Structure formats: structure tokens, C-alpha cells
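Taken straight from TrEMBL:
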type: BINDING; residues: C:ARG48; note: NADP(+) binding site
type: BINDING; residues: C:ARG125, C:SER126, C:SER127, C:ASN240, C:ALA241, C:GLY281, C:LYS296, C:PRO297, C:VAL298, C:ALA299, C:THR300, C:ARG322; note: FMN binding site
There are 4 protein chains.
Amino acid sequence: MAGNTIGHTFRLTTFGESHGEAIGGIIDGVPSNFSLDLDAVQLELDRRRPGQSDIVTQRKESDTVRFLSGVFENKTTGAPIGFVIENENQKSKDYSHIQDVYRPSHADFTYDKKYGHRDYRGGGRSSARETACRVVAGAIAKQFLSHYGISIHAFVSQIGPIRLSGDLIKISLPEKENKVRCPDEKKAAEMITYLKEIRKAGDTIGGVVFSKITGVPVGLGAPVFDKLHADLGKAMLSINAVKGFEYGSGFSGVEMKGSEHNDVFQSNEKTVTNFSGGIQGGISNGEPIYFRVAFKPVATIMQDQTSINKHGKNVTVQGKGRHDPCVVPRAVPIVEAMAAITVFDHVLRHKTTQI
Amino acid sequence: MAGNTIGHTFRLTTFGESHGEAIGGIIDGVPSNFSLDLDAVQLELDRRRPGQSDIVTQRKESDTVRFLSGVFENKTTGAPIGFVIENENQKSKDYSHIQDVYRPSHADFTYDKKYGHRDYRGGGRSSARETACRVVAGAIAKQFLSHYGISIHAFVSQIGPIRLSGDLIKISLPEKENKVRCPDEKKAAEMITYLKEIRKAGDTIGGVVFSKITGVPVGLGAPVFDKLHADLGKAMLSINAVKGFEYGSGFSGVEMKGSEHNDVFQSNEKTVTNFSGGIQGGISNGEPIYFRVAFKPVATIMQDQTSINKHGKNVTVQGKGRHDPCVVPRAVPIVEAMAAITVFDHVLRHKTTQI
Amino acid sequence: MAGNTIGHTFRLTTFGESHGEAIGGIIDGVPSNFSLDLDAVQLELDRRRPGQSDIVTQRKESDTVRFLSGVFENKTTGAPIGFVIENENQKSKDYSHIQDVYRPSHADFTYDKKYGHRDYRGGGRSSARETACRVVAGAIAKQFLSHYGISIHAFVSQIGPIRLSGDLIKISLPEKENKVRCPDEKKAAEMITYLKEIRKAGDTIGGVVFSKITGVPVGLGAPVFDKLHADLGKAMLSINAVKGFEYGSGFSGVEMKGSEHNDVFQSNEKTVTNFSGGIQGGISNGEPIYFRVAFKPVATIMQDQTSINKHGKNVTVQGKGRHDPCVVPRAVPIVEAMAAITVFDHVLRHKTTQI
Amino acid sequence: MAGNTIGHTFRLTTFGESHGEAIGGIIDGVPSNFSLDLDAVQLELDRRRPGQSDIVTQRKESDTVRFLSGVFENKTTGAPIGFVIENENQKSKDYSHIQDVYRPSHADFTYDKKYGHRDYRGGGRSSARETACRVVAGAIAKQFLSHYGISIHAFVSQIGPIRLSGDLIKISLPEKENKVRCPDEKKAAEMITYLKEIRKAGDTIGGVVFSKITGVPVGLGAPVFDKLHADLGKAMLSINAVKGFEYGSGFSGVEMKGSEHNDVFQSNEKTVTNFSGGIQGGISNGEPIYFRVAFKPVATIMQDQTSINKHGKNVTVQGKGRHDPCVVPRAVPIVEAMAAITVFDHVLRHKTTQI
């Protein structure tokens, strides 16, 4: 009930706080007898890792995952996969100056009020560090999805005012991502320049991640509460800093008429348009699924801010440390991971629909 | 696993198809010894009912709820509340002409492929009729929330191109809703005129429902997967025709800088701004919660459309029947209901956070 | 969290109190496109019904089930099956004399303390009447199991001091049950005579139900918490008046040596003995599953008993009404139902073990 | 769905196989701001550890638990507690001779058939080694229960033919357990002598663990599926080698009359007798809860046995290794742990019964 598990049949439970001993998780419901490439999991983690380029945080964390169970002779055993990522770099610093401070738009205040006790050395359970565990589970889900011919790809479609235009689902992705993870090289260069300015100003900025899922068979999802897009939406909204989710026509569908928006069938059971975003009535229809995820600007800025401490006194929060000017480049593998976990969960759930 | 339950501690399970005998549900986790006004539940249902005005479907359904358990001498017993709403008006019509047809942007195709069998007389489980059960549970949740001083209100903020502008959370709601459920009477009149034109053209249009939750104590929600806004988002995305969800600054937060977006604390633990939308790190911070829900245009239009049948043959789908030109006026009580179910679930879950 | 749901993938949620409007339930996770004989469900309910013979309670309840959803043209739709059984015979009696009384070994006291409010006209949610809903779901599960060649049969193996001896799993069951549901006609006659004496004395007595499950494939269950026998045990212990559960060698296995108890494999993958009771390491091994369920004597006796009321005052509880002298004859279909629900749930769960 | 989680509000998920890297788990739903003594957890683990006396297996495993999260400055943070116990002593032995063999009454056969792949070096997920994780979670649950005045104690009441007689709930427990964990010193001596003979013969024997829970408030549990004793029963039956569970009068209640078995109330709301075992209608009534758990003889014996391998060929299984002649002395802390997890889960669940 404390909300540290996601998924029904394929499920991930995570633990770990930013400044504790380690983070990790248990992946349950893993089908047995499947060849799993554990090295590929580390590669996904490396996409999320701090310090990978000059436009992300320069924090040093190797984020090396150690698998403890569930795989024998490179094949899954059907037992849960337990894994741990050690927290390095836990210096015994003096935290007394920030111990009582509530940083603006962080979870310090809400966490303190809810739990009455917290690890004031960092974001604790609210730290985005927890998402590393999601990437581990997502990387495993991706390998299973690949067996079913399902692929998931995400990229950055907007940073601040710089955005990709046109039909994003048609953009072909390069073999190798650039450091801002935007497939339009010209826009990517603009974004990088913009991010450097933002960082220089000690500020941060929001962005959008676009994701598409291809090769999805007809029939994944459920018609009522567990609509495929509702589960995808929850998965995305559970990522730190996310403020919005839309799929298919999304918010722009609001101004469309039914006669424009309806996806007319062709004789091959494909549709002429795809405003539905690959999901009708909560169930995949075989067309590509696509959605957009909005991220707010990172709350930690390198500027002085006024705030209060736990005694209600006014304090000044000083900006220091090593943080991302914008979260979306590193959020791309997290979005993919959460999509993979959600879709694979529904692949397994679908197996019990008919006898 | 078939996705007919929502909520963890306060939970609703529903059943029923549009053309079956009845729809209904079971509400479990209802705290005992609470005075419940069952007549107020029917009033909420009446807000969702077809035929209530000239801008909604003229289908005749009284939608009378019958409570079967869980309440004794007007007080909850702690036992689950079972309820039934009979399906009236089930004429034994001839459905053979539509039996095999896949209507565009309906769930006919996906449902048939997933289940291999369906009640072709209507939308079956994918029909919006199911949402009446949500309104029942939501009306009960609202009464409990009222005990805690929590209020939930929603209204129509956009229909097609006509939208409210300004800071929507400051709009004061009238005692009595107009028929389009938009609190700005001038805009409401425009919307009504627009809807009549749309209907005359045999077409439909999308819209947006804005919702706010006030009186929320600090501490509801959880920091990881079950963030309060993630659960709200799933609840909203599970409503028929919803394409998007955003809370607080939402998609517009993407273009903001951290220095603009951060909600600075005042000494009374209130914040100067509320771009966070009342939730920080997945946990309510005591400020009003607000969010927007995007609805696509209704798929049933009164125009001929080309489509296919289950044998892959081309067919023409004729528009007939009694449908809504726009779903949002009747969606307002559904949005409120799903918000109430979600928030009350978290109210109960919060009780176990500390010993 | 209020414990009105059982099962994971095939799941039953029930509602209803003994003196409310109706009882009923929702069966979710029903595979679609399966021919279901709903008349056979009523026949199972009739096996549980009061008044069916002179050794059970003479209460008049027709227990007619009405199905509201999930089945169309005699086939399952994959949607949840909602059903209702009306409570007849709700006379507006005067209950004031028992309103505050705590009957010995009933749930009156615990229920009052837990919930602070109860329907004092009967057992409320603790009434065995709720088990009628289990029989409905069990009868449906049985039909699915039959598709897989799995059969479940239970019978009375002991009433008070009268018990069947020998290897109960080898007893062949008659086409037609006798009224005490004991397949040994001689013992059955003794039991009936004994029950009549017990009833004449205004007393009640306990008993044992033996159950076997045949045709079970290898592989149902899970190795850790959801061992097949652990889920069967919970299902049985959740039936009113049950005090114990044992499977395979059970409590008598305590005095056996490993060299006696081990079930040695033959070359056909069958075992020579079956002390394991068809389950090894929590997973079915293809041998018949068998178990015994102990029921205590019914708490309602036709004798005066001293007790207290809710004000702590001493009162005399008078025995009156129409109750069973022994619960086990009517418990047989309930045991079968709970076994069917549990095993079919594991049949469905097993489908996701391998890709 | 793979059954590696137990509990609803206080919940344990475990991972790990006997010959993998490590075992461990995540405890979720831990109330925050509670002083936790982590050293006391290790002491409970030591009670379960191999090699602690000459009547248990002489396997060398230190079973040292390492806590990774959820506790800061000796107080719980409300975040999940992740922990790991490394598997030491993983020699790279040659396992080829047992790789394909199905040991009698082990899970080798069922596991292989279910999963199609297994770690043949040991019992894998079916190994009793997994129960160490339960002891960790149970030790934490015990500390919370202690805050509420609830105590759980178990002891050995029978080994093979040697059993304690009389009213076991009245037996006072010594400060320090003897090595067979039977509080009757005379019987304990007999048991030890008996176990040494059994081991000398290369055989094993079953036993019974008796457990009582005192200080339980009125009101824990639920009236239908999640009866307190049903959840206790499942928890016990999920322990390796358990074949039966009974509470209160148990199987002996079968031969009692209602007039004997009913627990008559006294004016202090206590009952004269306690055949109910402290639970009425699935809800605790404030009297001590007590139950008995039957364990079969350990399947691993030091004798040659005939069996088959995975190719259906006859083979001889040779007895060798270091195993327990009887599981019950080391099962005592496991029974206590599972009882603690179950009861504390219901303590937390009870908090949401009334507003």
C-alpha cells in the first residue's frame, strides 16, 4: 500500500533512498526459460547515468547493477530477479545547514509532514535516483517484448521553446543518439546551445519526451479501468518531474470534429489515420502507439531562493551542487523503461483472456 | 487482472454491459459507522444521466440506483456496498445489420479481436454507460471527503475552439450549473450555440474538463509509483474518450524556467505560486490541486462513414441513433467521481503511514 | 483491503448481509468465448440451499441466482459476471430483544467492537449466507476446470464420533448424493440417526469434509507464498466454522519417517505412494490432490445460554429459530466451490509462466 | 502473480535461490518514525541459522543480513526496507551427477515441469533457505507488535511420537530456549535422544509447532475471505514442509457439541473457555490466539532411494550432505515470523475500518 510496486503480472518493486546504502528492486512474474542478456541491461543504465555528457549533471555515479537471483546459465528461472545498485560517493558531509530547510518545489516539505522523519541528506525516496531501478526492469521487459516483435523508442521533442514540428511518429531515429537525444540534428544543436545558456544562468528548463511503440499486436489492454493508455499514463506520471501525458491526438484532439478524428478502416484492418494513437477502447489496435510526456524544469537551481525551514523560519536556499539543467535527455531511457514494463505486463495479462 | 477494479483501500469493482440486464458494482473498504445520504448519490447520477437537456443525447434511461448492502439504518456497516442499475429500454431489435461491422474509432474491432466474442448490440463493456457505476462510488467517496473538509469540483473549460482563459482555479462556481456546465455564462452561451451547430451538421466535437480539489491536507500520496497525480491521471485516462491529462503547470510548464516555476514558501507554509498544482514529489502540499482532462470528439457521428466488417469487407456505417454532440458536459460528474475515489483511497491509505 | 475479494487472476468479490436486500458478487477474469451452462450453476446452489432435507435447517430461501452481465448468447464475453441473489423472507420482525445481545461463539461481539455498528437482525456479513455467492463462482470455475479435465469432489467423512476409515481417496462416489453427503451408505445412516438425536437435544455437532481433485496437470501453484496448498488452505479456512485444514498425510505425517513418507517415482513419472497429496514444493505433481477440512459445531443451539449484552450486563440467550444441527452436509458444495475457484485461478496464472 | 509477495498493507516480497548470489527482500508498508533495533533482527536470524546445535544441519552459513534502505538514524523513514543475505559457501562443485535427477518428495520434478529450467545445484526457489527472509521481516513486525502490546511465541510440541499433553496455552516459556525448542525439559530430553537415533539411522521425522499470540486487541481480521485465521493459515501453509494447520479446538472440535464448544461470555467481556482460539467470525476477540502447525519429515534422507531422472530413466538417489533430521526446532522462529507479519498486516489494515 506504500506504492513501491508497479505492474500486475510482470511487476517491479523497488527500494532505496538517494543517500542510503544502495538502491535496488525485485522483478517478479518473469517468464522462465528465456535467454536474457544481462550486459544489455547495464547499457540501458548507462544511458541514464549522470556524467555521460557535458549537458547533464556531472555527479559521479557508476550505477553498476548486480543481479542476485532469477537467472541461471543465462536463462531466466521463473524466480524473481533481485538486483542491487550500490550508492557510491556517500561522503560523511556536514548536512546540518540543510537539515531543516524546505527547498522550493522539492518534496522536502511534503515528505517531512507525511512521514515525520526523513533522510535530510538528499531527496530520499523522492530522489530521481530511484528511477535507475526502473531502467533495469525496463531493459529486461524490452528483451521480452523484442521476442514478440514489439519495439519502444523515445526521444526529446522539445526543450523550453525549441520544439520539433510535423508528424513526430514518422521521424526516423538514428543508430546512435546524440547527447540531447533529439533525432533532428539541427534542433539538437539549438537545444544544446540553449541548455548551456540556461546552465550558465544557474537556471533550469522543462521539456517533452515523445515515445512510440511499434509492432504491438491487436488486443493488449482492458476496456475499463486498466485501459492500456491509462496504465501507460500512470507509469509516465510516476516519473519524477512529469506534469502531463497525452496519447494519439491528445490535447489537440479537443478542437477536432468527429468526422475528422475518426480513424477509418481500410480493408487490411489498418486505419487511414491514427488519431487514436494505436489504442481504441483501451485496447491496442495494431497501429503504432505514441504519446508525449511533459517534464517541468528541475527544481534545483543555482540561484539563491527564499524559503522556510521546518520551524517556519525564513531562510535562504543557496544553489550549489551538480544538477541537470534539463531532465529530458536523461529521462528518455526512463520513459522507454516505464513503457516497456507496462506493455509487457499487458502482454502477459493478455495470455489469460481466452482459454 | 481483467481490470475491473480501481483503488487499493477504498476500491470499486464494476460489472455490466450496455445492452445486458443491468450494470452495477461493489464498493469495498467503506469505513463503518458513517452516516451516508443515499439520496444524494442519486442526484449525482442525475447529473450524468442522458436526456437531461437539449445538448446531450436524448436516450431515455432513468439510471436509478438500488443499494443492496453495506448500509443499515442510514449508516455504513463496514461491509461492501453492492448496487445495481437496471438497463431499461432493451428492445429486442434486429441487430443483424450491424452485427459484423467495425465502427470507426469505436472498440468494436479491438474488442472482437481480443475476446473473440462480443455483445454486438452496443459498446458492451466499452460503453460509457459503465461510468454510471463510477458516479455512484464517487458520490459516496465525496461524502466521506466532505467529513475531512475536502471538496472536488469540475467544470467545462473548453469545447472545440471555445475556451475559458485566465487563471481557471480562481473562477467561482455558481450554485447551480448551466446545461453545458461552464461557469462563464457568456462562454457557456457560445458553447451551446456551437454544439447545436455541430449536432445539426451530424458531427461531434472534443472538449476539456477542468477540476480542482480544495481542503486537501498535507501528506496524501506516495513518493514513487503511487504519486497522487499518477493515480489521478490513471483514473482520468480510464474515462471513455480521454486523450490527455495534465496537472499544475502541465504542458505549459515545459517552457518555464526553474526560477519561474518553483513555488516559493511563505512563512505560513503556504506557497506564493502553485505551479506544482498542489502536489510535490507525489504528495499533496496543502495547496489546491488542479488538473485538466482532454476529451476527443465522440466517435458516433450522424454521417455515413466507410469502414469494414469482421470479414474484411468494405461497408458503409450509417449514422443514426441518439448520441451526444460533445461528451464533456456529462463528463463533469464522472471526472469528479474518479477524483473523489482516488483522493479518498489515499486518505485511507495515509492512515497507516505512522503508527 | 476489507477482504471481500479472493483470487488473483480469476477473482471473486462478494457483497451482502444476511438481512439486507440481497447478496451477490462479481466474478472477474473470466476467459471469453467459453460456453457456460448457467442452469448448472443453479443446481450447485440448490445443493447448498436450506430446507433441502430433514437434517438441515428448515429456513425457506429459494436462493435463485440472477446473472446480470458477462454472458451473451450463452458464451462468456470476457467481461465480469455480475450476479444477485435476493434475500427473501425479510419480515419486519421486532428485533429489540436481541439487538444488544452477544451470542456465544458468534461474531456479534467482535463485529460490534470492530465496526461500531452492525445489522443486529442477523449475522450480517458474518452469516454463512454469504457462501451462496461462493457456490455461484465455484460452479462457473468447475465448468472451466472440466474443459481442462480437472474434477473436484467432496464428501462428508466424519460427523461427531462417526467417521469413515481407510484410504478415503479410493472411495468411489455414487451418482447421486444421499442427504448427509457421505458415500458410505452404512455410515451415512448412522450419521443421520445421530444428527436427529443431536437436534432433538437442541444441540449441534462438528464434522469433517474430505475433498479430492483429480486430473490436475503438473505445474499448478508457485514455490513460495502462493503454494497451491497454501491458497487451498486459506480458501477453506475462510469458510464459516472451519477450524483446521490438512492435505496429503497432514497431521498424521508428523509421526512418519522420511523413509516412509517420501513418494518414490516410478518410470512413468507417477509416484508409488501419495503422502504429498498431489503437491510438491507448492506445485501440483499430477497425482490426485486431497485434503480434509474440520468444521466446529454450529454456534446456534436450541438451549438457553448465559451471555452478556453490549452494556456488559448478563443476559440469557434463548435458542430458537431454524438452524442446522451440523454444517457439513451443506458445506460440501462450498468446499468444492472454494477449491474450484482456487485451482482455476492457478490454471490461469500458470499460463504466464513461460512465454 | 508469481507469488513472491505476502501481506496487503505490511507486505514482504522476497527473492533468491539456494545456490544463487544472495537472497533478500523488500518490506513495504513500514510505518515511519519508529525506532527499530536492527541488531535484534540478526538475533532472530541466528535462531533459524544452520549449525547452531548438534541436532540441526551442520551446514555453515552465517546468514548475516545487510539492510540497504528504509532506516535512518535508527528510525524508519516510511520507505521500503531492502535487505540482502549473501549466499556464502557456493563451491563450484561438479553437479553433473544430480543435474537430471528428481529426488523423491522434493520439488525437482514439479519445478522442472513448470518452469522448463532450473538451478539444479539445489532446491532453487523451493529451498527452505528462502525462509531466512521471512525471519527478517517477522523480526521487524514483532517490534511493531510489541509497541501495541502484542507478543508471539512458538515452541515445539511434538516430534514424531513424543508429544506434550495438556493445555499447551498454559505452558510457561523459559527465558532461554533449549536446543529442541520444547519448553518441557523432560520431553525435550526425550526428543533430543530420539532425534539422534533418527539421524543415526539416516532418517528424518515430522513434528508440530504450537504458537500463541497474546495481547491481541479485539477487532483484527475481516469477516469474509481475509479472516484472521485464514490469513494465518495461508502464512503457515506457505512454510516449507507444512502439511496442516488448526487453530483453537481445531480437528478435535469436530467431535464436540455446540453446548460444549461455545465460549460463554463473562461480564468482563472475557470468555470462560477459549475453543474459538481467540478468533470469532474471522475477527480477534481479545482472548489469546493459538494454533498448531504440522510438519512432515524432511525429504532428504541419508539412505539410498530409487527414483527417476528427467529422461524417465530409473536412478538411485544417494543420501549425502548435511541436513536436519527434523525441521521443527529451526521452524519455530519461522512460524513466529509468519505470524508476526500476518498480525501486523491486520493491525495496519484495521486502522482504516472507521474514519
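Glycine residues also receive a Cβ, built from the backbone N, Cα and C atoms like all the rest.
Automatic prediction, not curation, is the source of TrEMBL annotations.
Feature map: annotations from TrEMBL on the structure.
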| residue | record | contacts (Cβ under 8 Å, 6+ apart) |
| --- | --- | --- |
| C:ARG48 | NADP(+) binding site | C:ASP63, C:THR131, C:ALA132, C:VAL135, C:ARG330, C:PRO333, C:ILE334 |
| C:ARG125 | FMN binding site | C:GLY16, C:GLU17, C:TYR111 |
| C:SER127 | FMN binding site | C:GLU17, C:SER18, C:ASN240 |
| C:ALA241 | FMN binding site | C:ALA128, C:PHE295, C:LYS296, C:VAL298, C:ALA299, C:VAL327, C:ALA331 |
| C:THR300 | FMN binding site | C:ARG103, C:HIS106, C:THR204, C:GLY319, C:GLY321, C:HIS323 |
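Residues C:ARG125, C:SER126, C:SER127, C:ASN240, C:ALA241, C:GLY281, C:LYS296, C:PRO297, C:VAL298, C:ALA299, C:THR300, C:ARG322, recorded as contacting FMN, have a largest CA-CA distance of 44 Å.
Note: none of the binding-site residues C:ARG48, C:SER127, C:ALA241 has a C-beta at a distance under 8 Å from a chain D C-beta. C:LYS296 (FMN binding site) has a Cβ environment of 29 other Cβ atoms inside 10 Å. Proximity to chain B, taken as a Cβ less than 8 Å from one of its Cβ atoms, holds for C:ARG125 among the binding-site residues C:ARG125, C:ALA241, C:THR300. The Cβ neighbour count for C:VAL298 (FMN binding site), using a 10 Å radius and every protein chain shown, is 25.
Annotation note: C:THR300 (FMN binding site) sits in a coil segment as assigned by DSSP.
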